[in-house]
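Visitor: Feature table excerpt (TrEMBL):
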- C42-C59: disulfide bond (DISULFID)
- 1-30: domain 'EGF-like' (DOMAIN)
- 31-72: domain 'EGF-like' (DOMAIN)
- 47-136: domain 'G-protein coupled receptors family 2 profile 1' (DOMAIN)
Amino acid sequence: MNGGQCIQYSPHNNYTCDCTGTRYQGVNCTDLNICERANGPCMNGGQCIQYSPASNYTCDCTGTGYEGINCTDLVACSMETIASSDRGTFEWPETMPDSTVNISCPNGPSGTTANRTCTNNSTWESPGIESCATTVISNQFRNISKVNVTAENVVSVSENLTDLVVSTTDVADQNTDNH
């Protein structure tokens, strides 16, 4: 039946059916193969791959954001460290799909965060690090904080600090204008 080849092999009406190359299995080639069933075993977009015997299968979960025997276990975006040439090193934690994580900016300013989204298929989007201070600005603040302020250099240090604050504000304003 259903394209299978049935062969009688004894005078007692015994027979066997070869269902190879059909979508069916079973004694009479009447049972739909597991991957052909409407409610197949692979979930969440996984692709069913049939093996012989016909009840054996595997699910290919590639690109679904799921893993496991039947593609039912949600996969998180893996922890990842990214070094920016001018804004520091960002340690992104393991994150579930369709979630955005916020982390503190490594070089400040205090209270600012970078963000990154783990997509629904468990891949990271590009990080949003625009609000984070550049390494150059952080180093300049660090250098000013190390200066021993005296009566002789107070005006010079104040001017340098004012210039740095103005340049930092300009960068922050540019980042705000770009969003």
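Keep in mind that glycine also has a Cβ here, set from the backbone N, Cα and C atoms.
Given the structure is predicted, the values throughout are model-derived calculations rather than measurements.
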Visitor: Let me check the 10 A CB neighbour count of C42 (disulfide bond). How many other CB atoms are there?
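Guide: If we count other Cβ atoms within 10 Å of C42 (disulfide bond), we arrive at 22.
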Visitor: Using a Cβ cut-off under 8 Å and a sequence separation of 6 or more, which residues in the same chain sit near C59 (disulfide bond)?
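Guide: Set apart from C59 (disulfide bond) by at least 6 residues yet with Cβ under 8 Å, we have P41, C42, M43, G46, Q47, C48, I49, I69, N70, C71.
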Visitor: Reported in the order helix, strand, coil, what are the DSSP residue counts of the domain 'G-protein coupled receptors family 2 profile 1' (47-136)?
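Guide: Helix, strand, coil within the domain 'G-protein coupled receptors family 2 profile 1' (47-136): 2 helix, 38 strand, 50 coil.
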Visitor: Just give the helix, strand and coil counts over the domain 'EGF-like' (1-30), going by DSSP.
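Guide: DSSP composition of the domain 'EGF-like' (1-30): 0 helix, 10 strand, 20 coil.
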Visitor: Can you work out the mean pLDDT of the predicted model over the domain 'G-protein coupled receptors family 2 profile 1' (47-136)?
Guide: 90
